[in-house]
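Taken from Swiss-Prot as is:
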BINDING   ASN70, ASN71  mRNA binding site
COMPBIAS  1-11  compositional bias 'Low complexity'
REGION    1-34  region 'Disordered'
SITE      LYS95  site 'mRNA cap binding'
SITE      LYS101  site 'mRNA cap binding'
SITE      ARG126  site 'mRNA cap binding'
SITE      HIS176  site 'mRNA cap binding'
SITE      GLU264  site 'mRNA cap binding'
SITE      TYR333  site 'mRNA cap binding'
Amino acid sequence: MKRGFSDSPSSSAPPPSSRFKSNPEGDSQFLEDETTKNFARKVADHYSRRTNQTLEEREASPIIHLKKLNNWIKSVLIQLYARPDDAVLDLACGKGGDLIKWDKARIGYYVGIDIAEGSIEDCRTRYNGDADHHQRRKKFSFPSRLLCGDCFEVELDKILEEDAPFDICSCQFAMHYSWTTEARARRALANVSALLRPGGVFIGTMPDANVIIKKLREAEGLEIGNSVYWIRFGEEYSQKKFKSSSPFGIEYVFHLEDAVDCPEWIVPFNVFKSLAEEYDLELVFVKNSHEFVHEYMKKPEFVELMRRLGALGDGSNDQSTLSADEWEAAYLYLSFVLRKRGESDGARRSGRRKNGKMNLSKDDVLYIDS
């Protein structure tokens, strides 16, 4: 076993304790350099450039069943942990693809933030029902606020003081963008902790570092992949060794057909868990996507949800299903749930709803300077 990472695939067992040395100055300052800001902007520009697809275009995607599987995983997480009237904070909310999932959970209030201006505008029009999205749904039942800014850099507790505390925070397929530096990782977790109520939950999905590193070490070169994805590491990782004392800023280039083509960063889960504990966020579970599917497909209600979403076909007319390459790509990801220490007093802050609106104009979007 090489230093810093386990060679075994992810499991639901708690990861080992972190062996990296924490920032001795704690989280008193989160300083960003220009290189980090440029990386964040590059990622934002990538997602802003992605246009909304029609239903026909979406169904023709070479990874349509992988997308549906990921939607199923997010839907299951939301159904497991969201309660009626919950206040939700959606970090890196993108184009609002999860709005309908939250609506079905009958939440009471929604705040979404994303760094990409184009994505936030698409989210606004989707929420308003102005765009002809494939959901064909015109009205959501909860008031909302939208913010445009880098949630891994700005202090959100000051900006959202009147909206907090939140019952649930979600960050789907984006947490790894905070792992460029320890400062950004700390800011991300500090924001989550500061805005969650005691007993509140943080749900998310992100790349599984154990799987990626295992595949890299099994490969002949510095690239892994198949017909739907590839991952390429730089020559600085030619020895395929990663120091446990330097778990931030481990960059690779990730390409996923019809979805992603930009730099990403390894998140060693043992470090993520240890850092989260510093911010009073305790691990409830972590599961690789394969394990997640096998476990929750044992429950009839989630089997029916899978059928409706069509990731494995609909069981009748649509006999298509995930390809072997899509299933392998799914193995690259994990789901996690953290809970903030403490017990909630059970009180609901109905006043926070006044900060949201049922229809959002462009002027209603709050732009946050980094």
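Every residue, even glycine, has its Cβ placed from backbone N, Cα and C.
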Distance from HIS176 (site 'mRNA cap binding') back to LYS101 (site 'mRNA cap binding'), taken between C-alpha atoms, in Å: 23
Number of Cβ atoms other than its own within 10 Å, given for TYR333 (site 'mRNA cap binding'): 22
Residue from LYS95, ARG126, HIS176, GLU264, TYR333 whose C-alpha is spatially nearest that of ASN70 (mRNA binding site), among the recorded sites: TYR333
Number of Cβ atoms other than its own within 10 Å, given for ASN70 (mRNA binding site): 22
TYR333 (site 'mRNA cap binding') and HIS176 (site 'mRNA cap binding'), Cα-Cα, nearest whole angstrom: 11
Candidates ARG126, GLU264, TYR333, namely the recorded sites, that fall within 10 Å of LYS95 (site 'mRNA cap binding') by Cα distance: ARG126
Cα distance (Å, whole number) from TYR333 (site 'mRNA cap binding') to ARG126 (site 'mRNA cap binding'): 27
Site of maximum Cβ density within 10 Å, from recorded sites LYS95, LYS101, ARG126, HIS176: LYS95
Lowest local Cβ density (other Cβ within 10 Å) among recorded positions: ASN71, GLU264: ASN71
Rounded to the nearest Å - Cα separation of TYR333 (site 'mRNA cap binding') and GLU264 (site 'mRNA cap binding'): 13
DSSP state at TYR333 (site 'mRNA cap binding'), helix/strand/coil: strand
Nearest-integer angstrom distance between the alpha carbons (Cα) of GLU264 (site 'mRNA cap binding') and ASN71 (mRNA binding site): 21
